[in-house]
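Engineer: My questions all concern the structure below.
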Amino acid sequence: AKESNLRLVIAGLMLGILMAAMDNTIVATSIGTIVSDLGGLDKFIWVTSAYMVAVMAGMPIFGKLSDMYGRKRFYIFGLLIFLIGSALCGTAQSIVQLSIYRAIQGIGGGALMPIAFTIVFDIFPIEKRGKMTGLLGAVFGSSSVLGPLLGAYITENISWHWIFYVNIPIGLMSLIFILKAYKENNPPTKQNIDWWGAITLVIAVISLMFALELGGKEFKWDSIQIIGLFASFIVFFVGFLSVERKVKDPIISFWMFKRKEFAISQIITFFYGATFVILTVFIPIFVQAVYGG
């Protein structure tokens, strides 16, 4: 591939990562204004949670689909869904609407993030992959930190609607760069989609999220509703593990966890991610909700 084309592809991928990562955190410092405008103080946490759940559920599914049918079409699909979700978020008239539109955004983000890194592995030789993935990783980290700052600035000086509309020009630039410069050479592979694995994983994650979000607020922790949600999580997660061990092309290849280095790196990543979300999302929300800061 031409050097100029590779640069455009990387620029397009960086813009996509910029949007998807920034939207993890951009609402954190704007939620007070959004709630005062739309109402729904008891449901505001779903504005963030809906996006994160959709991203997490979408990542393994779109990663597998891109292996089967090509990276470019699913990266573009993710971009378009993300932009549609962003436009809808800016028009939301209630917290419930905004949460639904954020989930649509998250579906797009769930395609953008894994496919962007996979494209790098496809188009660069092995000696350059570390540098390029590090570049995308740096964009992801800095964008996540930038989100709350940019969200606060836009909300105070323009309108909270524009924390979502700002994605549209960024996404269109990414779309133009990818359409123009990315020539996919890797043929799609013949694999089966692990639909049962995907379904059980999504239901397990959603059940756990609802249990943690509703427990102690809408329902008591020992209520039948919360116990039922935790039970649903356990049943479907066990079902997911069972399915993944039997299917030919699992969503998650658990054999990788037998490698000590990989297993340790995933544990570290989990705790890093949890700490990062607390610092960049939940602390700003807590300060606004409790102290009005």
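Numbers run from 1 along the shown chain.
The backbone N, Cα and C atoms fix where each Cβ goes, and this holds for glycine too.
Take a look at what TrEMBL says about it:
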DOMAIN    9-293  domain 'Major facilitator superfamily (MFS) profile'
TRANSMEM  44-62  transmembrane segment
TRANSMEM  74-96  transmembrane segment
TRANSMEM  102-123  transmembrane segment
TRANSMEM  135-154  transmembrane segment
TRANSMEM  160-181  transmembrane segment
TRANSMEM  193-212  transmembrane segment
TRANSMEM  224-243  transmembrane segment
TRANSMEM  264-287  transmembrane segment
Engineer: Which listed stretch (44-62, 135-154, 160-181, 193-212, 224-243) has the most C-beta pairs under 8 A with the transmembrane segment (74-96)?
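Structural biologist: When the Cβ pairs under 8 Å are tallied, 160-181 comes out ahead.
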Engineer: Most CB pairs under 8 Å with the transmembrane segment (44-62): which of 102-123, 160-181, 193-212, 224-243, 264-287?
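Structural biologist: Answer is 102-123, with the largest number of Cβ pairs below 8 Å.
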Engineer: Hey, which bits of the same chain come close to the transmembrane segment (264-287), Cβ under 8 Å, at least six residues off its ends?
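Structural biologist: Residues packing against the transmembrane segment (264-287) from afar: 24-25, 28-29, 31, 44-45, 48, 52, 144-145, 147-148, 257, 293.
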Engineer: Across the whole of the domain 'Major facilitator superfamily (MFS) profile' (9-293), what does the mean pLDDT come to? Round it, please.
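Structural biologist: Averaged over the domain 'Major facilitator superfamily (MFS) profile' (9-293), the predicted model reaches a pLDDT of 85.
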